[in-house]
Amino acid sequence: MKPQFMSFGLRRALGSKPNALTTTQTLAQQSSTVGGRNPMTRTRTHRTFHSRPLPHISLRASSLSLSASTTSSTRPLHTSQSPYLLSSNLAITPSRSVRSRPSITDSKATTSLISRQQQRNCSCRRAMLRNGNDVTSASLDIRRGRQVLPKNVKPLHYDLTLEPNFQTFKYEGTVVIDFDVVEDSTSIALNTVDLEIHDTLVEANGATISSSPTLDYDKDSQTTTITFDKTIPAGQKARLTQRFTGTLNDDMAGFYRSSYKDEQGNTKYIATTQFEATDARRAFPCLDEPALKATFTVTLIADKDLVCLGNMDVASEEEVNSKKKITYNKTPIMSTYLLAFIIGDLKHYETNNFRVPIRVWCTPDQNLDHAVFSAELGARTLEFYEEQFGSKYPLPKMDMVAVPDFAAGAMENWGLITYRVVDLLLDEKTSSAVTKKRVAEVVQHELAHQWFGNLVTMDFWDGLWLKEGFATWMSWYSSNAFYPEWRIWEGYVTEDLRSALSLDSLRSSHPIEVPVKRADEVNQIFDAISYEKGSCVLRMISKYLGEDVFLKGIRIYLDRHAYANTETTDLWAALSEASGKDVERVADIWTKKVGYPVVAITEDESKGTIHVKQNRFLRTADVKPEEDEVLYPVFLNLRTKEGIQEDLALNVREADFKVPDFDFYKVNSGHSGIYRTSYTSERLQKLGQNAKAGLLGVEDRAGMIADAGALAAAGYQKTSGLLSLLQGFDSEDEFIVWDEITLRVASLRDAWIFEEDDVNEALKAFQRDLVSKKANEIGWNISSSDDFTAQRFKALMFGKAAIVEDEAAKKAAFELFEKFISGDREAVQPNLRSSVFGVVLSYGGEAEYNAVLKEYETAKQSSERNTALRSLGFAKDPALMKRTLAYTLSDNVKTQDIYMPLAGLRAHKEGIIALWEWVKENWDVLTKRLPPGMSLLGDMVAISTSSFTHGDQIDDVKSFFEQKGSKGFELELAQSLDSMKAKQNWLARDKEDVKQWLVQNKHL
């Protein structure tokens, strides 16, 4: 699934940067991205009752007709809710024994906040270990304590019939489940939430076992246990039939309703689904675990004029009681979370440029021309994946649907992928380069899931990375193949690698493979660790093995485990078979351990060697001895004038390596390694000179700046040294490098936002001096002759200059805006729109605010409306801030977008304070609208708290949640506190250092 990160999850609408939006960041950097989560935090309750017998089930058009004797009725059930050269068999040999330790202590926080709710694809993110679970041992049994269903039966097939009512928002359902009985059984346990079960029938080998069994509902485990007197022997076939009623909720989970406006302004509804991770149980009784695969036959009953869609193509259609009854062909064997069905007034664009039809569907209020890009890209992508994987897409069609209300970025339901509107429909004439890249990435991510996740599925949710990490990597790989002009792998360093290293630098991070015990924990691991760090591990391994060998191993993996479930060791085995190398020994530690190292480099020219030492890296700069016992296999990728030594690795604490020439060398060439590199100040200065001499590529220049910025923030280097380094790049010519430069300036200004006004003005002047020359040099007149990177470069530099009041850029922003609101919509080129809106709201008044608000309320395209909505918070006037906050909870803002108008408030300290006070005042309203189990409440907590930097502010946040509780968003709060603490420590170390540098460089 593609999340709409806020830091997954904001992968998965506010952008994927590791820091909150500030006046140093343009809205152009807010990429849309996190996914369907569900309220699952419950107190334990039991309800025991006897099911009413099934005299005759006739769900209108249901083909099911069973007879049974009638007994007394009861109420329906309500289920609420030393260094080595890498050889073919590298052994990772720690220099000392490694004791098992808890990898997560009492810490906290997150960085990339406004990038989690709309960051990567699929349901999104975050995992937190509870109850002191030990995760540092690579041999950890992650099944321990897992809350799963009994294994006495195994599902084989579901026959599901549903009939929704759009007047009452209820639906009637019947499910028939066929089982293999594995053990002698007197009970069958199912997952159920928010369902009224009316009748239950248990059969075995064609004979009735019970028509009135006892049903015991456990709210805490979200299970209903069906108990009967007769024993069904192992080896028999059993059948369970249940009739039930459910609600078309508006929580964007389970079987839910989504709304849009018709031409007359009337509200219309569609019924759609979101089952990942554990919400199929909200739609129908089922065994809702990824390893409990089965086949499905779905029947939908609906008004004749509505479109009905399922995972498969239509098997039959007939009229029943003035409605239509559509039955779909049986699915392949698959997990419950991949089932999907949609009913509503929909239209579609179809392409036949692939061997099976591909259709993009949308509601009548959308422009069907905007479906063309994704449909045609889908055809190309499926053909490309078939070739790369050596495996045919197995379904007879592919439907992709733009859903008006959708919590994630997208969801990979097999053959019926659902998306946010903005992540599927694209107007190529009016959309920015970033928007186009985002849509392409999401579509290619979800289509990769048709193999990774759908065809081959992780055994349980602790293996989530097996599908999300790969789909993320594959979206980059395929985008690079289709759009080489996008220079995808350069951007990888400043996007996915940046996000992974940012989150994993917190003590409150977690391993890629993290124990998941309960349903209410699953949705917290859809984050930058499962997605971005997972993809980074795969990229590192692909570089180690070579891409061709890596893909050969992937083909072995898919062929061997098709229609089955796997664990990480199965992937390592396939890659080892393809390469002849012991991949598990190299890679396993990266998925089993939390964090990553900082690699410190010192030199001994007399010996011609560099000394390399690794230690755990934490942004809070307070690593404890017990947290620094893991020794990672570090691929050094040492670049010298002679080339790159790709076979060098450090797998002990420290070691010496020969360097042929001290005039130039660099560790982690290309930045495919998952670590930070710390050089001496002299070497860092020398690398800056090497960069100007053309000895460092784009990835190396951007990565070097990223390392320097992270190390300064964590206290490994002085911030004054970082400022001098950045200053030396003022003539840099590459977008990717400037993207990292401006991000590091933004991080610094974020941390200093509550410091003295004169210091903040001096930092603003520093940014202005840094960016203005380049911004004015390349200009901001974007034409059709500008390639993808040039468009992004001009937009970035214009926004960075205008927001810090470069005279020409700021003046241009207001002039362009005036033309735009006067009717010339082409005056503001799409790539500049977010920057222009942000600038005029930052320095304008009520007139500009009203104009941007009108744009949100009247613009036709979702991307245009979102740009306007995300800009509102940039207005600093107290009255306008109050309007923005009130507007957030109005009916004009969909629940899925509730965080968007708050983003700009984080650009100024007045907004940060106002936002937090508003959250505290409206906490009860927010928790009602955003139940704790939904990702959006955790995102709200992170957005409203993580910008603080002072001890009294941090104490206020702690105090508030000690009183209110944090169940359902513990990880978001922990990461936010961690992020605040990191900034507080940074200020304590380098506040005076920065001030002195600003004075010396005449900014203060």
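Glycine is treated like the rest: Cβ placed from N, Cα and C.
For reference, TrEMBL has these:
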- 96-117: region 'Disordered' (REGION)
- 96-114: compositional bias 'Polar residues' (COMPBIAS)
- 154-338: domain 'Aminopeptidase N-like N-terminal' (DOMAIN)
- 373-590: domain 'Peptidase M1 membrane alanine aminopeptidase' (DOMAIN)
- HIS445, HIS449, GLU468: Zn(2+) binding site (BINDING)
- GLU446: active site, proton acceptor (ACT_SITE)
- TYR531: site 'Transition state stabilizer' (SITE)
- 664-981: domain 'ERAP1-like C-terminal' (DOMAIN)
Binding-site residues compared (HIS445, HIS449) - the one with the fewest other Cβ atoms within 10 Å: HIS449
Recorded positions: GLU446, GLU468 - member with fewest neighbouring CB atoms within 10 Å: GLU446
TYR531 (site 'Transition state stabilizer'), number of other Cβ atoms within 10 Å: 39
Close recorded positions near TYR531 (site 'Transition state stabilizer'), where close means Cα within 10 Å, chosen from HIS445, GLU446, HIS449, GLU468: GLU468
Distance from the residue listed as 'active site, proton acceptor' back to GLU468 (Zn(2+) binding site), taken between C-alpha atoms, in Å: 9
Local confidence of the prediction over the domain 'Aminopeptidase N-like N-terminal' (154-338), expressed as mean pLDDT: 96
